[in-house]
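Asker: This is the structure I want to talk about, given as structure tokens.
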Amino acid sequence: MEELREAFEEGKPVILIDRNRENEADFVFPAQLITEDVVSFFVTYGKGLFCVTADEEDLLKRGFVKLSSNYGANYFVPVDWGTGTGISALERAETCRKLAEGRYFHEFRYPGHVTVIGGIGFQRRKGHTEASLEISELAGFSRHAVIVEILDEKGNSHNLDYVLKLSEKFSLPVLEMDDVWREFVKRKLLMKKKAEATLPTDFGVFKVVSFENHLDGKEHFAIVKEPLEDPVAVRIHSECVTGDVLSSLRCDCGSQLANFLRYMSAHGGILIYLRQEGRGIGLSNKIAAYSLQDKGLDTVEANRVLGFSEDERDYAPAAQILKALGIERVLLFTNNQRKTVGLEKYGIEVVETKRLYGRVTPHNRFYLSTKMKKLGHELEEIFREVNS
């Protein structure tokens, strides 16, 4: 973030690339620092719509008027500052700075030449508008930014080669949407403890903790058994109604859950229960995937046929729960290296990992083999035991 701030102070915008939107790229620059030269650069080399972004709530409090839309765009009435035409680079820069100062709508002339867009929160929408506000704030400036979509010589807005050459030519920093999301989750506390209660179970007496969730709105929860050592024994368990509740033999989820609860009862630890049914695709789609597996596809192939990636999960909620519980260092019980990476990228230190196996049955053997071969799950040991 210090490097980002230095670039902005030198008058260099950041290029923000969204690989989930066919590599669409925007210039991003803090509105409070914008100058005539930066505006001129944006217009010359960006060529897309020139916009200033701010939080929607902030704009509404200042009286800005939202335009009607039939496709979800969050545009407000465009404005100008001052008495000139408003179109020059000098005038547009001043308009952006006045917006960043917190000036009210009635102080501007409208309609003007600076398009205003309201952000609705990065956790709700991972778009350039919302990301630009986080970038500006992370670099130490107010939550107001100027963004311009980058078009190539033919007006194409999705030319990654052109964007990267532009970055190289002018020595501009490049960020991807995932980079911003990672810093956003690492630096902000978006979940906090809401309630906790005693939970007596067949495995022992635990605490169950719920959370106020401003990250994804889902009712994730944690099971805690004290005392907690450093590093804390942690298991991230993705919801599996069929395995956890109905004791399905198609997977090993229920038996893994039971095995960790037994461990917790004896040694202490935290079970994080994430509402990520079917590796993040939901129960209905999981059942559809089961149907495809009944026809001979494996679990990865079934996901892809349904239009999903092999694993749709993000472990940001798990990292946020640990932060809400005051945990920074963990002993992670997992066979899945993606969970280790998923915690570490959000600022949780995984000191060590330990394997946690479930039950192998004739019904889940092929499924487990697929997870090992195609998803990288470390299950070789359990297959050696079964085959011996």
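Using N, Cα and C of the backbone, Cβ positions are placed for all residues, glycine too.
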Asker: Arg21, Glu22, Asp26, Arg125, Lys126, Gly127, His128, Thr129 show up in Swiss-Prot as binding D-ribulose 5-phosphate; which entry in Glu2, Glu107, Glu149 does that record put in the same site?
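Answerer: Within the candidate list, Swiss-Prot flags Glu149.
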Asker: What does Swiss-Prot list, out of Cys96, Cys240, as binding the same Zn(2+) as Cys251, Cys253?
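Answerer: Among Cys96, Cys240, only Cys240 appears alongside Cys251, Cys253 as Zn(2+)-binding in Swiss-Prot.
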Asker: Record says Arg235, Ile236, His237, Ser238, Glu239, Glu277, Gly278, Arg279, Thr299, Thr334, Lys339 bind GTP. Source is Swiss-Prot. Which of Gln123, Gln256 does it list for that same site?
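Answerer: GTP site check in Swiss-Prot: besides Arg235, Ile236, His237, Ser238, Glu239, Glu277, Gly278, Arg279, Thr299, Thr334, Lys339, the record includes Gln256 out of Gln123, Gln256.
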Asker: Could you check which of the binding-site residues (Arg235, Cys240, Arg279, Thr334) sits closest to Arg21 (D-ribulose 5-phosphate binding site), going Cα to Cα?
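Answerer: That would be Arg279, nearest by Cα distance.
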Asker: Listed recorded positions are Lys126, His128, Cys251, Cys253, Arg313; which of them have CA atoms within 10 A of the CA of His237 (GTP binding site)?
Answerer: Cys253
Asker: Listing them in sequence order, which of the binding-site residues Glu22, Asp26, His128, Glu149, Cys253 have their Cα within 10 Å of that of Glu277 (GTP binding site)?
Answerer: none
